[in-house]
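Marked as transmembrane segment by TrEMBL: 46-69. The feature domain 'Neutral/alkaline non-lysosomal ceramidase N-terminal' is assigned by TrEMBL to 96-403. The Zn(2+) binding site feature in TrEMBL is assigned to H188, H297, E499, Y538. The active site, nucleophile annotation in TrEMBL covers S348. Annotated domain 'Neutral/alkaline non-lysosomal ceramidase C-terminal' per TrEMBL: 570-737, in sequence order.
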Amino acid sequence: MRAADKMLQPEASQLLQLLSERRSGGIFVPAMCGKRSKCYYSRLEVILIICLVLMITVTVVLLVLHFLITSHRNKSSSSSTTVAPSSSSGKATANYLLGVGRADCTGPVAEIPLMGYANPEQVGGGLLTRLYSRAFIVADLDDSRRVVFVSADIGMVSQRVRLEVLEKLKSKYGELYRQDNVILSGTHTHSGPGGYFQYTLFWITSKGLIRPSLNAIVNGIVKSIDIAHQNMTRGRLFINRGTVENSQMNRSPFSYLENPASERSRYSSNTDKEMVMLKMIDEDGQELGLISWFAVHPVSMNNTNRLVNSDNVGYASYLFEQEKNKGMLPGEGSFVAAFASSNLGDVSPNTKGPFCINTGESCNNPQSTCPVGGATMCMAMGPGNDMFDSTRIIGQNIYLKARVKTCKPALGYSFAAGTIDGVGAFNFTQGSVEGDPFWDGIRNQLLGEPSNETKACHKPKPILFSTGEMTRPHPWHPDIVDVQIVAIGSLAILAVPGEFTTMSGRRLREAVKREFDSHGTSQMDVVIAGLCNVYTHYIATYEEYQAQRYEAASTIYGPHTLSAYIQLYRGLARAIATNTVQDLPSGPEPPVFNISNLTLVPSLIADRAPANKTFGDVLQEVRQQYRVTEVAEVTFVGANPRNSAENATEHNFLTVERYTNASESWQVVQNDASWDTRFYWTKGLLGQSNVTVEWHIPRGTEPGIYRIRYFGHYRQKLSLSPAVSIAFEGTSSAFEIVAL
């Protein structure tokens, strides 16, 4: 991992243009002449001057090209491939081989707990938007080194996901894509299916390891990398930065204030408002895709939501890709836009702040509690009228711009309290620095008492679950954690295995940047890619840890967790800057537990239609006519959507179609990945269920005749034969859309 020369040179075409402008402005300027003297150059002099300027131009261009070639050293990673320094004007870097790819990773949308809020009652019941894995590959022109960055619309990347992805990549590509050059990052949507973890703690709320959910994520990630690999082409990279306003707030401001005033005074805000963007363009100027890093929690959709979706950052990707892939349905088209996670640990998109949902008064206090109802009544809201509107607004805003040791993992009391974005249960509150005899007694009886060493190590955290000492049926938390830096030119991507708070992220970035500077690799742009490779909850600063709000209680390796990470990432940065990556130890391999399909999710049963009905029949029809901004709604005899997710590699649950007179045919204008469609599944008794499709007719919809179609699979079991899934479809009546 060598750091490249950071000087950014204009391209040859730019130099030629500049020299041409200077030449045309200076050749025919007279010398110092008297008032009556006739000053001009002879034809021969003009020719000689032109020749001289051309020779100078060619010489300068050759020198620039020579400089670019000789300064383009091999970049590597610790993971590594080493983009020239960024500037506000987004200047170009040296050439690379680039590839982008996108693939569906949605998985089952019904009966599977959604991952993020740790609320076992929040179970999938339909679809708002599809989930995608977006892959980006950057390689040196001689293909000696390459790196893969994946941003997937999932809660976080589990160690099991990473291990299975790497195994599949190895079987396909050998040693081309490895642990040291592949970064897998989750956007942190809290509305994606769970069940893809091998550590015990995560089974509790996601009902075990759910193989269909895990397979959908792993296969989607691998497929997106396959597509990017197949589409690699010569191109350039651009880096840019910008400030995003009105899109975030610090949800633990009292913890932030625990940080030293001298440190806080260096920043204008208690959140990071800067967005860093890496843009990829091929050698013909065609835009390939972009990765954007911005710190905000994708929790605009709250814990009452039951529709699988990618939340605010996914909506930003949706908007950007729809803009670039004109005329294509969502999920189609070559341009790929990822809005990836960063140090979002204490950053909420619910900008109206926390309010008591029963009284309307503010609950912006250290414990986030309400006078009536306690912490369960305190929830952050906004900026929209409802969670769908808030998701749209935030997504659109993003779119438009020393010896200490870590501890064995443990979660504190405030972990159970939740946050103002998604409250917990029972009587737990944030800011707890003392345990409760009642809950301690239950814990000790069921799980065992934490050791004195662990208690002392985690102070002032009162331990609720000593997960590092809990090993049945498998370990509850990882004790082997990946740390990784990928350097692409002057851009250093820190792949962090969790949720860094605002100040934690700032300290980590500054420490890594100082390390680069001290070894002669200055002007590095350092960006944090959050929730990568393995999930270890939160990383708060030592000072924030003392306040023991949710983020601190969820800093599972103790008060010195951040210091340990800074030490490790500084070591990786030093190896890149000094070109000694090959000397780094690889570290121990994480275990792969022998888990097949341990799950509490109910088994699929045979689907049944009501008497005198069949699957796909319409139960509630659309109206004959709608206006733009109204909602067209139709209900069908349905079947469990899990049948489709588990038996179809690619499946669309719905389409909205418009009749075209010219071709006398129906044209698909929206599908289940479109923001304006919503797919609700309602489970009934004895295998019966209904599906309701809503189309929120957007402004700009062309008047005409439309219809809505539903596609599903019903599960049939005949005597002793294995169950089979049979495809079916249903179609609404045609309806008219008229102008406002």
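Glycine is treated like the rest: Cβ placed from N, Cα and C.
Please treat TrEMBL annotations as automatic predictions, because they have not gone through curation.
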For the Zn(2+) site built from H188, H297, E499, Y538, further residues of that chain with CB within 8 A of the site's CB center: S341, L344, G345, V347, G498, G530, L531
Protein Cβ atoms within 10 Å of Y538 (Zn(2+) binding site), excluding its own: 23
In sequence order, the binding-site residues (H297, E499, Y538) whose C-alpha falls within 10 A of S348 (active site, nucleophile): H297
Local Cβ density at H188 (Zn(2+) binding site) - other Cβ atoms counted within 10 Å: 27
Per-residue pLDDT averaged over the domain 'Neutral/alkaline non-lysosomal ceramidase N-terminal' (96-403), given as an integer: 92
